[in-house]
Amino acid sequence: ALDANGGLVEDAAAAASCRAAFCPGGVSAGKKASCESNCRKHPHFCQNTCQGQDDSSPRCQSCRKECEAACQCEGHCEPLIKDAALCYEQGGTWAPTLPQNFDNVWNSLLTLFEISSTEGWVDVMYAACDARQPYEEPVRDSQQWLMAPFFVFYIFISFMFLLNLSVGVIVDNFMHLKEDGSKVMLTPAQSKWVRAQQNLLSKAAVFSMRNLDRLPPFRRWLYDIVVSRYFEVLMTGVVVANTTMFATRTFPRPTPWWETAVQGLDYLFSLIFCAEFAVKYYALRNNFWASIRNCFDFACVVAALVGIVFSIAAPNVEIVMSLTRIFRMFRIVRLFRLLRSARLNQIFMAFVLSLPKLANVLMILLLLMTLYGILGVSLFSTVKHSEWLNEHGNFMNFGWAFITLFRAVTGEAWNSIMHDLAKNEIDYFREGSWCTPDEFFVTSSQEGYNMLKAKCLLEQPNSCMQTMWGWNIFPVLYWVTYILFIQLMVMNLVIAVILEGYEDGKQSPESEFVDLLFVTWEKYDADRKMVVPLPVAFQFIHEVLTHWVVKHGKRAKLALPGLRNGDMTQLSMQQIKFFPLRTMEDGQVHWLQASKQVARFTCTEDDDGLLNEIEELEKNMDKKMAARLGRLEKKQGYLLGIREDHGRDMRKEIAATKLQREFRASPLFERVQARRRASGSASQERRKSHELPDDLFSMRGGSSVPVELN
């Protein structure tokens, strides 16, 4: 009970005596009638005494009077029965083992919400398994076959299904918004064409060197070695072995010679990496720096050499030893070379592509945490510290509030801090402590501030939590909304962004065909001149499309007639529309132009409607998108040696050739020729200048011998 001065008095006495001591003035008639009605239908008090007996029996009336007395002085007297009463009679304290409970609907909903975040749900389950009837002492595993399956089933439904379903809803809406935003500007075919060009232009620098036929034999031999797959596998094995060597370091060392052996292996691996750099740089020369991976490997080599030099030059200088450890740690990052594996690189690219978008989500997260941090300082800065609201997690200033909220993002003890904030005066008194009523803990006035400072309550505040109409609802509203917004919405938005990055980073069809272009081009241009004769370019296009049709089950009409033998005049005028191929003045076709033609085929599949969509996109492309593609094309054109003048439009020349052939096959051409032969007035030179060749492509240079494909 509580005395008139607010002190805690634990005394096993009758409720009537408690009322006489603490509420001698009595209560209103309405309060008496309410208590009488409540005790008559109370689910626990006097049930056994009054059950099966007349309510007017002495035992029942005495029990009811005790219940009414406790109700009329409920602020000071707590009625107890069964084990709870025996506990107090024997000098113990009857208090809940956990802050969570199912005493009413609202507490039950809050408890279920807490355990749905998996924070402390096991403790609640064990307490429920031990619980019996109200006011009875818990017994180990008394209801484990009922409560344990209930909580496991609830966790499975709430955490593993409903919460993950909310993740799916947020991700699905995020993806729909992204698709809707792209559909406003581009059709599916246009989007596919833009992605194909981006993949093509961003990966064109994969050709590390051009004009390999100009290299000296020895340098060409080294180049073939360093770009081979076997060399990459060998160096990856060395990286794994080097990392394994670092993992064998122990403290203390097992034997005196162990550290010496590990140091020797470290020097050996450093020598191998230096040799790798020397060979690659000799073979590639300035082209070595065009690859970010090569620059990364060079940084690792420099770090290894600097660390070795420091360890040898000044092994006993403290700052040098610290720098040596730093450079030694830096050498471990060579393990990132394993990301060159296709599967690992796919995951790494998902991370890289997600970083810019994660920055936007991070700004939203910081904004919400800042708002909640300021609100938390306003509400909870002076609240008395307890078990979880302590020097490691509190709201005394914005810095600590931000750290506490960031810790709560991971789900760490957020509900324990909430329950510490929700304690009232009675809860502190039951713990044998006390708190200053919030209305007395005044920091706004200088007098109040000086008083609190004199009592050392600024460094260790002990204010009670402020209430609203007697309800302590601020901690619950604060933390429940924070978890809903941050954990269930913003953090799930992070998952959506990562999934989007994974979708963008994984091997798309457009990326697959770019890889196929690289592999196929090496068969037709072994010296990396980046240009081939026009008939060879046709057959390159034919082979890539053939593989594409077989692999992806596309329609066979992608393999158009004339591609295999290089005679494009076999195509109809309608099919010629699909060949906006530009050739150089000498009849050569650049790799980029031939690859764009393949990309156009894979996006349109010789469908007139899709072709018109792509042509419309090229005419009316968004300025930002056009500028981005222009920058990529200009950059790769510089790296690949493409001149600004891309030559002639092949469609016009094929059309001209068809017109010439049709004219020769017409009777008018025969009459003109007959008239010339009959007149005999034209000279041989003049006849030659007026005669038209059988095929315009014979004037263009380059080989006319078709390259057969197996």
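Note that Cβ sites are derived from N, Cα and C of the backbone, with glycine treated the same way.
If you look up TrEMBL, you'll see 684-693 marked as compositional bias 'Basic and acidic residues'.
For 100-180 (among others), the entry in TrEMBL reads domain 'Ion transport'.
Summarising the annotation, TrEMBL assigns domain 'Ion transport' to 228-507 (among others). Averaged over the domain 'Ion transport' (228-507), the predicted model reaches a pLDDT of 82.
Annotation source TrEMBL lists region 'Disordered' at 673-710.
A Cβ distance under 8 Å defines the sequence-distant neighbours of the transmembrane segment (145-171), meaning residues of its chain 6+ beyond its ends; these are 112, 115-118, 121, 124-125, 128-129, 131, 488-489, 492-493, 495-496, 499. Taken from TrEMBL, the feature transmembrane segment covers 145-171 (among others).
As annotated by TrEMBL, transmembrane segment applies to 221-247 (among others).
As annotated by TrEMBL, transmembrane segment applies to 267-283 (among others).
The transmembrane segment annotation in TrEMBL covers 295-313 (among others).
The transmembrane segment annotation in TrEMBL covers 358-380 (among others).
Long-range contacts of the transmembrane segment (476-499) within its own chain (CB-CB distance under 8 A, at least 6 residues past either end) are made by residues 110, 113, 117, 163, 166-167, 170-171, 174-175, 350-351, 354, 357-358, 361, 364-365, 368-369, 372, 375-376, 379-380, 405, 408-409, 411, 414-415, 417-418, 421-422. As annotated by TrEMBL, transmembrane segment applies to 476-499 (among others).
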Hey, which bits of the same chain come close to the transmembrane segment (358-380), Cβ under 8 Å, at least six residues off its ends?
389, 394-398, 401-402, 404-406, 409, 421, 465-466, 474-475, 478, 482, 485-486, 490, 493-494, 497-498
Could you tell me how many residues in the domain 'Ion transport' (100-180) are helical, how many are strand and how many are coil under DSSP?
59 helix, 0 strand, 22 coil
